[in-house]
Amino acid sequence: MRIDVLTIFPEYLDPLRHALLGKAIEQGKLAVGVHDLRQWATDAHKSVDDSPYGGGPGMVMKPEVWGPALDDVSSGTASTQDLQSALPHLSKPRHDDIHGVEARSYGESEDSDKPLLIVPTPAGKPFTQADAQAWSAEEHIVFACGRYEGIDQRVVDDAQQRYRVREVSIGDYVLIGGEVAALVIAEAVVRLIPGVLGNRRSHEEDSFSDGLLEGPSYTKPREWRDLQVPDVLTSGDHARVDRWRREQSLARTWQRRPELLDAAELSDADRAYLETLEED
């Protein structure tokens, strides 16, 4: 996969070289280019914004800058050095690489030669785990990180000639710019590229992978500050452990995100357990 990011703060995207994404770069599964949008500004001040038509507060990012930038990135003519991994020591396998199962994709990318353009915006469609799974099969993803009052809408409209455009929100709140959202989405997507995480079960059992929140996790020691690991987890009875984990997942979802239960695939045993929670 290749990821390109257009931003006026290239340094903000340095985390893309670290941790899991750095590992993917080191493995050759990911290439990342971060582009300074001001390279395409033509005035002496390298300005990228102007006042909005119709009046109002704030500034709007200019189409004369964004248009050529997106043109160059889509055609591969933008000049930038790809990020280098900050983790050059990852030639050694880690525990989740050793015990993994066969890597395979979650699906195929959309049948199109156009790159996927993601525009983070609070006015966008909510980003979901299903999006992350689908986009993990993409060959080329471009992030357009807006600032101020956003990007001139004509940029988004025009980009549809060269891209498959998705305006996406990561939550019902407003950030200063799209860089944080780009980091969030990139990590959610890249970790699902086959072979990046190592053990496929690590993300098959994640929150939202089956429509529910993930339950609590425990490790050694068995007792810590007078708090015990639940006995069922040390029982050796795998069927009991699986059922306990399922019930914990159901309970946490019921308590924190009950609306998710409407779309989740629930067994008769699941429904019976939820009824006991409601009775309590």
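Even glycines carry a Cβ here, placed using N, Cα and C.
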Which range of 71-94, 95-118 is region 'Disordered', per Swiss-Prot: 71-94
DSSP-derived helix, strand and coil totals, residue by residue, for the compositional bias 'Polar residues' (74-84): 2 helix, 1 strand, 8 coil
Neighbourhood of Val174 (S-adenosyl-L-methionine binding site), C-beta criterion under 8 angstroms, separation at least six: Pro122
Number of other Cβ atoms within 10 Å of the Cβ of Gly146 (S-adenosyl-L-methionine binding site) across all protein chains: 26
DSSP state at Leu175 (S-adenosyl-L-methionine binding site), helix/strand/coil: coil
